[in-house]
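Copied over from TrEMBL, here are the features:
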COMPBIAS  18-35  compositional bias 'Basic and acidic residues'
COMPBIAS  36-45  compositional bias 'Basic residues'
COMPBIAS  63-73  compositional bias 'Basic and acidic residues'
COMPBIAS  81-94  compositional bias 'Basic and acidic residues'
COMPBIAS  815-830  compositional bias 'Acidic residues'
DOMAIN    908-1076  domain 'OTU'
REGION    1-51  region 'Disordered'
REGION    63-97  region 'Disordered'
REGION    752-795  region 'Disordered'
REGION    815-837  region 'Disordered'
Amino acid sequence: MAKASIKTNVKKCRKYRNKMEQDPKCQEQMREKNRNRMQKTRRKHQTVEQLEHTRKLARERQQVYDARKRQERQGVAAKGTAREKVEKKREKWRQASQNYRDGITAQKKRRVKEKIMSQKYKKKEAKMAAEVAKVEKAVQAQAAFQQSGCPYPTQGAYKRAVSRMKAKFKTQGAKLAHLFKGVVKYSDLKTRKALKVLNVSYSTPDKTPDPVETLRHHVGSLSKKRDVNTLKHKRRLAQAFKDCGEIEKVGINKRFSLTLGEHSPYKRRGIGFQTAITDFFHKNSCPDPCKSTKKRQLTKSVKELHKKYTAETEATVSLRTFHRHKPANVSSVKKLKFRQCLCEICLNPKLKLTRLNRFLSEKCDSVRDLLDESVCLFEVFPALMCVDRKCCKCGPERVRERFVKDLGEKMKKRVSWSKWEQVKKGKSSRMEKVRKEGTVEACLHELLQELGPLCRHLFNAEWQRKQLQSLKAKLPEGWAIVTCDFAANFLCKFQDEPQSAHWGYSQVTLFPAVAFFKCPGSDCQELRRDTLIFLSDDLKHDAHFAQACVQQVLQHLSSVLPDLKKVILVSDGCSAQFKSKLPFLYLSHTVVPGYSDVSIEKVFFGSRHGKNDSDWCGGAVKRSVTQDIVAGRVTVTNARDMFRYCCKTLSQSPSTDGLCGHKSQKFFLIEEHQISRKMKSAFLSTVQGTHKLHHLRAMAPGVLATRQLSCFCEHCMAGEYDDCLSSDHVDQWKIVKMKNPGPGSFLLEMNPTLPHEKGDETLVTSSSEDESDEESHVIPDSDSEEESAIISSSESDLGVEEECVIVKAESMSVEEESDRVVEEESDGVEDTSAGLEEHEDNKTFFRKLSTELTSCASFSEVQEKARFWQQHAEDIKIPDSFNENPALGCRIDSQAANLLPSDLQGRCFPLSVYGDGNCFFRALSLLLYGTQDHHQEMRVRVVMAMALNPKLFLDGNNWRREFHNVTGEENIKVAVMTSAEPASSSPFEDEVMAMRKNGTYAGLWEFFAASHVLKRPIQSVFPPLGWDIYRLHCHRIIKAPCCKSSSKLIIMWTSLRDVINEEHWTPNHFVPLVPRFQ
């Protein structure tokens, strides 16, 4: 084939040269064309040295030419004019004129003078007429100039402005003309309109397209296509231009023209060639499981498949041609991606169905088709009876009948399949993909077992997502939706890092939150999106971190939404962060800063289907920062570095230039000390059916309303839950009470029938006649060892003269309590304590007063605030004795009971309070009100007393005691308060300023202030541990000068830590002590 082509080309070239020799004119044109082409080629490929040599030769030739021209001009004499000759002619003319004037008569002279005067007069009149005409012309021109609309006052001013502008242009001629053309062309819109009024405009001259160039462009576009119709069209064009001898001008090469003849030297491939390659690509590819379309992905590279194709078919095809025939719906190996973070509940049935499809004659496309087949007919969502597999008309048996009918005898064949399950590795377990083998019947049986719970699983996921989508579409004003979740930690990598730094990357925690709400701008109904991203060096992804971020989100919403009414928090169902008893407790206590009536609700996505808007936000931020690190624009070593850079480059303001903006992005830095982890969940009862709950509503501290599914229909959004449009699928709200946590113990709920955790300490309640009831909790019999270790038989054995406050509690019968609970549930929200309504207004007052005191910048401001609110606070009476609430039950702090001094063991017992820094004030609240909820009131009263009476607390006589051998490292507060001389006020003022803040630990000053406020003595009990100097100062009775009551409160210093070394033991907690009651 190659030799035949060479002979054909030789003959063709020889024939072409003979034809050109017969036509001299055409031959000369071709030679001229070749000379110009070769000249351009030589110039194009010349080096710098060759160009310099060519220019040097040109300069030398020019010098020779100039010398020759100068030599030719030397033989011609130049013509000149003599000055003397001209002067002689002028002298001759002057003499002739003088002789003429001397020879004429006087009359002649007069006539000549009259003629001259007449001529001068005529010239003067003509000049005056010209000046008048000039003035009239100028007036007319000025009038016409003013009518033209020119902004300049006069035409002269306009000409001077033009002259100044022209003087600035230092060019003339063509350059100046092009400059004016450019000014007109690139002027702004207003200038163009003004120029158009003056009939000055720029327009591109019409260019008549060259038909040959148009055809060349069209043929070039056809050469990029490979379909059959385009190839036929190109062949028709080539045949037409070949007949007229103009085939090369339109851009069709000679090689393509050879294929037009009947005896073409090239062998054409049939249509089956392309079909064979396409089928081969489909055979060696698999469908993309993430796409619903007919997308497929290759299992090997195109180069490997080309070798395999040529080896199997023995066909001669180039790699380029093979790759060109790859179908468009087949992707290369380079586009394969990891499919991660999938739901194993949905993935396991899919793996089994893939294996079973190999034996089925009628393939099943997806697990979704099997689920639809296993339930009754439905429009949008199936009935709950079908979803829960309680319907007698449907179920997985439908699928089984279909498979058995199709498989037949294949049910006994062996097959292997994969399954994701927990595999135990030593003491831990992890999710792994396990390969199993068995018969087709065993695989089908396992598939049918998984289809049962899968129906409810997917139903919950789709229902929740659809409800949230509908809520977002019709979000009312004042409502806000917040989706939040933890993102994967950001690795602080470096550009140009050493090898040893690869294994020691520091990490940054990201917590993105995306808030949606109606734009607060006037007359704007668009949905605004605020992205809040929290960064921290704290790597504990727990509920405490999430709560700290949620509080910041709520504070942001309160600042941007003046009419905030409801906040809906949306997240996945991670138990460690959002869906367990501790996050539920946080939810019940969550409030929006500055608002008292904002409803807080929590909505969960379906299990393992919680991908939301916050997920891609974290990925986008990490990708942007990583790109800047690679580019060398930033170095990130910790959360603070990342926070500063993100605030500088990635922050976005919601509005610019006074316009209404609907997107913003803001970053927050969460320090470790801002996250409080004092609240524990070890002694909280798990909410029954937590994994089934997808909607929670905060009712009161410790009280939640729960729903298994969400509903945002018109009635539910209006609070009319009984008229819910989705009542066929959504259940009614249920009120759930949670237990109030404490360090090692917690207060019981009012309902004594609720189950309690095992291993709890003895419950302190009064005895009742129904002690035999298993549901009621009473004190053990007096013969038991626990009672003998804690409770004494007599109150007089306490060894204290003053009468002590005694805690009493009575149990409630199961029948009475159940009736009360049903009654309260029918009304709506239950109260958490009997005195909640009575003290709600007072608690609100002291909470606001605490906020005002905390906002004070100096001690003097605190004093002013205290004086202003002193009378109002005194009007709110403090109970004179313990409020005997018959429904109260308290737990004993077992750790504090072990630390009781020997003289108090068996005579009194410590009650447990929550250790959050407010334990001293919680102990006072528990002794006075029977509940810990008034701790903020106690703190505010103590701070006001200390601020208003500084001299009383700094008087050393009030603290004087007999000390012997006081040495060692004494506490500075004790040293100041026990001094005989008046002490400095600086430490005291610092103590008052610190005590304003919630969570600040109390000391002896606070004991004295509490005695002053309550007007009764307080006994401070210090365990026989630690340094003796502490016990010497703290184990005492503190009595303020204003004490009137004889009853005494007892508060004990204790610790939440285990006692390891008795010599170095230090207290960090307070508990109230009460004697046993009769």
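Note: Cβ is positioned from N, Cα and C throughout, glycine not excepted.
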Sort the residues of the compositional bias 'Basic and acidic residues' (81-94) into helix, strand and coil with DSSP and give the three counts.
12 helix, 0 strand, 2 coil
Would you mind giving the whole-number mean pLDDT across the domain 'OTU' (908-1076)?
78
For a three-state summary based on DSSP, what are the helix, strand and coil counts in the region 'Disordered' (63-97)?
26 helix, 0 strand, 9 coil
Helix, strand, coil residue numbers for the region 'Disordered' (1-51) per DSSP?
46 helix, 0 strand, 5 coil
